[in-house]
């Protein structure tokens, strides 16, 4: 995947001056107040403060590989949702945020307590595995670390009586297709969207990169938060060069909202949540 790394110009990071950033946050807050269908799109960069490396940043996995360095995908064994993840929870709880579309497979959005029917995890979830025979989904306490190349089998067996099917991890990589249900849901939400906020995604990976322009002709306002430039910078209504945790902290103050600290709800052991998850998770 080193071929997808940025060149030296593309990898350059930019930062808004404090006064400029403050004004942009005020503008974003006003956009959110009047929006009818606000959708957030997230990329790998929102999880770097949780100890998970991104891909194309200056210290990204593919950036390092292009330089002959192999980095671990994560630097902590059990990452927790960041301030940005928890801000999304509060925005959804207050009915500002209608839907989340994420390219991340780290599972932190669900772990933060985002409802399974309010998110499309386009690249799957590393805490989940599914039966290749009957389709039963299993949400695990932690990241599924072992799976065979090409087959993606985890070595676990389905617990459904008389099934005994082999389980596969539910993440996708380049050249692999994602479930139609998941992508169709993301497209539908993008078409309904009148305000989109893209946070720490390069906006270069298909089909996620095609979602931003789906509703622009109908007057959708697009806001991009990223330290690096993106192919959509000239199309957006507001361009913010700042770290997402800083942006979300300032934004929530403008909206007079409080970001609750992360609490481990042990979703993997909550039978009611697991039933809701299996019924509503779109990546199946």
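Heads up, the Cβ atoms here are built off N, Cα and C, so glycines get one too.
As the structure is a computational prediction, the values presented were derived from the model and not from experiment.
Annotation source TrEMBL lists active site, proton acceptor at 123.
Positions annotated as Zn(2+) binding site by TrEMBL: 131, 134, 147, 163. Listed in sequence order, 137, 138, 158, 160, 163, 165, 166, 167, 168 are the same-chain residues six or more apart from residue 131 (Zn(2+) binding site) with CB atoms under 8 A from its CB.
According to TrEMBL, the domain 'Deacetylase sirtuin-type' annotation covers 18-258.
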Q. When you measure from the Cβ of residue 163 (Zn(2+) binding site), how many other Cβ atoms are you left with inside 10 Å?
A. 14
Q. Reported as an integer number of Å, what is the Cα distance between residue 123 (active site, proton acceptor) and residue 134 (Zn(2+) binding site)?
A. 21
(Q) Give the mean pLDDT for the domain 'Deacetylase sirtuin-type' (18-258) on the 0 to 100 scale. (A) 88
